[in-house]
Amino acid sequence: MLFLKNKSKDYCFSSTLVLLLWLGLYTTYGQSTIVITQTQQMQLIGKQVLYYEDTTAQLSLEDIGQPKVQRQFKPLNKDIFNQQPSQSVLWFKFILQNKTGQDLWLETGDSFAYYIDFYRPNAKGKYASPIKLGVLRPKENKLVASNFYYVPLSKSDSVQTYYLRKAGDFTHYHVFQAGTLQALHKHIKVYDYILAGFLGVILSLALYNLMLFYSTKDKIYLIYVVYLLYSFVNVPFNNGYALFYGSFWWQYFYVWSNPIFIVISLFVIHYLQLSIIAPRLSRWIQAITILLSGIFPLLNLFRYPHFVHTVMPYQLILMVYMCSLLGAGVYMWYQGFKNARFYVMGWFFAISSVFIHILALEGVLPSHQLFHHSIYIGVSLEALLFALALGDRWNLLKKEKEVVQAENLRLVEQQNDLLAQKVEEKTKELQLAYEEVQTNNDALKMTQEVVANRNELLAAQNDELSLYRTRIGQSFRAAQMIQVALLPPSESMAVAFADYFVFNRPKDVVSGDFYWLYTYQQTKVLVVADCTGHGVPGAFMTFIGNNLLDKIIKINGVTQPTKVLDALNREVQMVFQQQEASKGYEGGMDAAVVTFTSLPKQATEVIFAGAKSNLWYISPPQHTLHEITGTRRSVGGFQPKGKKPYQTHRIELPPHSLLYLGSDGLLDQNNEQRRKFSSAQLKKVLLQNSHLALPVQKQHLAQALQQHMQDTEQRDDILWVGLKL
C-alpha cells in the first residue's frame, strides 16, 4: 500500500518524537481511548477527538509533541467539527484501540480539504513519513476510490495515538468516523446512491425542459436548463463531493461557481415578471446579483483580499439573496400572482434544506445521512417544484391564449355586424350629403360673387391704407431727423469729454428719451431725460424738454442741477396746466442733471441731481462701480405741497474717471421668463468692461441686452450715456 512506501526514518528523530508524544499522553486533558468494536457500519468518534489550532501554520509533528502544546489540545465533544475558514492549521489527536480484529479505515475529510497529513505509529511505536492527501495534492495519493479521503489504521488491538494535520481556505467541516473495510464500502455506496439519485433527477429535468424550449421557444425554459446544469456541478461540490479535480476549481471557486446567481436571478425576474410588476424588487435582486456574480469573482480572480476573509461576507450576502428570492415569491403570491405558489414552495424547501444541513453541522440535529445530505433533497424538490411552476405557467398561458382567441373571434363577428350597419348608414348619409352639396354649391357660387365684389373693395381700401402708411412713414422719418438734429452733435460730445458713448435705441422710430449738452467757460452741463410715453407722444415731450432746457440754462443762466430740476418742473407744470390734480396732461419726465467743472491738477468737480435717475461712476485707480441715487420725485405732473426737494450730490474725480447715466428702459427690459435686465446685471456688464474704450463698452452693453431680450419685444425707449473725464 502507498502509506508503506516511505517507511524508514532517522532513528534518532523517531526516538525523540516517540518520547515527546508519550509524555504528551499525560499532559493532555484526560482524553479517553476510542474503542472500535463495530464491523458493519462506520462508528462516529468525534466526541473523543482532541484538536489544536496552529495559528502560525508552522508547527511540525515534533513541535506538536512538546508538553506545552499538548496541554493546549481541546476536546471536540461533538460528532462533527465545524469552523469558519482561517489560515490556521488544525491538528487532531486520536487515541484509538481496534477490537474488531480487522483493518480499520478513518474518514479524514471531504473535497474541501487542501492538505491532509496523517501520522500513524508503526509496529515499534515510531512515526514514519505521513500519508499526504488533499485536493491540492496528486490524485494518485488517494488510497480509496472516493471523493472523500480515508486513511488506514492499525489492525493491532493495542492502544495507538494518531495525529491528523489539515489546512485549507474553505470552511473546516469534518465528520470523524472509523470502521472496517466492509463498513467503509457500505458507507461510500450509500452516499453514491444519494448522489446518483440527485444527478439523475437534475439531468432528467434538464433534458425534459430542453425539449420544452425547442417546442415553445420560450427562453425561460432555456434559463431553467442552464440553472439545472449549473446545479448538476455546483451542488455536489458545495456538499463536499467534487465531480472534477484540479487546483483551479478550489482556488478560483467564486470565478466559476458564482455565475449561477445570474442564471437564478434571470429565472426569478422573468418568471415572476418582476421588472414589470415590481421594478424596485427587481433592481434589488439585480444589485445583490452584481455583488455575488461580479464583485466576489473579481476579488477571487486577483486573490485580494485572501479567500478566507471573503467567506463570512459572502455567506451573509448569500443568505440575504436567498431570503430576497423567497420574499419576492411571497410578495407576488400575496399580490395575486398564482404562478408564484410552486416557486415559493421550491425556495422554501431549498432554504430549509440548507438550515437543516447547518443545524446538523452545529450538532443541534443528530449526525445522520439524511441530515448531512439534506441539500440534495432540498434542491431536488426545488427543481421539481420549479418544473411544476413552469408547467403551471404554460397551462395558464395556454388558457389565457384560448380566452383571448375566443374573445377576438367574438369581437370580429361583432365588428362585422357593426361594420355592415355602419356601411348602410354611411350610404344613406352620403346620399343626403350629395344632395346637400348640390344645394351648397349653388349657394357657394352666389357667395363667390359677393366675395369678389368685397375683394375689389378691400383692394381699393388697401391701396388707400398703403398711401396713408407711406405718408405716416415719411412723417416719422422726418420727425426722427428733426429729433436727431436737436440732440447734441458728436463733435460737441467729443470736445466736452475725453471719450464717450451714446447707446440710443427707441422703441419706435422716434424716442421719448433725449440728452442735452451745454458748455460755458469751465463748466459743462449734461442732462439725460426719460419723457412720459414713447413714439410720437414721447417725441413731442423731448421737443418741449429741449426748448425748456434752452430757456432755463442758456437764457436764464440757471446751472445748479437742483435749481435746473426745480425750474424744469415748474415749466412742465405750466405748459401742461398741471397745477391742480385732474387737470391738463399728466406727462412729465425722469431726468439726471450733471455739471462738470475743471479744478486744479486736472481734477473735475461733478455736481449731480436726479429726478428718479441715478449716476454710476468709477474713480481710478480703484476698480469699483459707485452709485449715487437720485431723488424719488419726477419732473412735471401734479405734485402736492411738501414734496421732497431734489438733492445735490458733489464729488471730485480724477482724470480718466468713468460716468454712466441713462433711462429705466434698459433696466426694465424683460426676457422670455419675464425677468428684468436689472441694475445688478447692468453694474456687472459695466464693471467687467470698464477697462475698454467707451465705444467698445457700448458694443458689449448692446450684446448683453440683445442676449437678455432674445425672442422678446422691446418694451420702452432705451438711452444710456457713458463718459470719460
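Backbone N, Cα and C define each Cβ position, glycine as well.
The annotation transmembrane segment is assigned in TrEMBL to 190-208 (among others).
Per TrEMBL, the feature transmembrane segment maps to 220-237 (among others). Using a Cβ-Cβ cut-off under 8 Å and counting only residues 6 or more beyond its ends in the same chain, the transmembrane segment (220-237) has close neighbours at 111, 195, 198-199, 202-203, 205-206, 209-210, 212-213, 243-244, 249, 257, 259-260, 263-264, 266-267, 270-271, 375-376, 379, 383, 386-387, 390, 393.
Same-chain residues lying 6+ beyond the ends of the transmembrane segment (249-272) with a Cβ under 8 Å from its Cβ atoms: 112, 114, 135-136, 169-170, 219-220, 223-224, 226-227, 230-231, 234, 237-238, 242, 278, 282, 285-286, 289, 292-293, 296-297, 299-301, 307, 310, 314, 321, 325, 328-329, 332, 337, 339-340, 343, 386, 389-390, 393. What TrEMBL records for 249-272 (among others) is transmembrane segment.
The transmembrane segment annotation in TrEMBL covers 284-302 (among others). With a threshold of 8 Å between CB atoms, the same-chain residues lying at least 6 positions outside the transmembrane segment (284-302) that come near it are 252-255, 258-259, 261-262, 265, 268-269, 274, 310, 314, 317-318, 320-321, 324-325, 328.
Marked as transmembrane segment by TrEMBL: 314-334 (among others). For the transmembrane segment (314-334), the list of distant contacts is 254, 261, 264, 268, 272, 274, 277-278, 281, 284-285, 288-289, 291-292, 296, 340-341, 343-344, 347-348, 350-351, 354: same-chain residues at least six beyond its ends, Cβ to Cβ under 8 Å.
The list of residues near the transmembrane segment (341-361) in space but at least 6 beyond its ends in sequence, with Cβ under 8 angstroms from a Cβ of it, reads 80, 82, 173, 268, 271-272, 322-323, 325-326, 329-330, 333, 367-368, 371-372, 374-379, 381-386, 388-389, 392. Per TrEMBL, transmembrane segment is recorded for 341-361 (among others).
Under the heading transmembrane segment, TrEMBL lists 373-391 (among others).
Marked as coiled coil by TrEMBL: 397-440.
Marked as domain 'PPM-type phosphatase' by TrEMBL: 497-725.
Distant neighbours of the coiled coil (397-440): none; no residue of the same chain at least 6 beyond its ends has a Cβ under 8 Å from one of its Cβ atoms. For the transmembrane segment (373-391), same-chain residues at least 6 beyond its ends with a Cβ under 8 Å from one of its own Cβ atoms are 191, 194-195, 197-198, 201-202, 205, 208-209, 212, 220-221, 224, 228, 231, 235, 238-239, 267, 271, 339, 341-343, 345-347, 349-354, 356-357, 360. On the 0 to 100 pLDDT scale, the coiled coil (397-440) averages 79 in this prediction.
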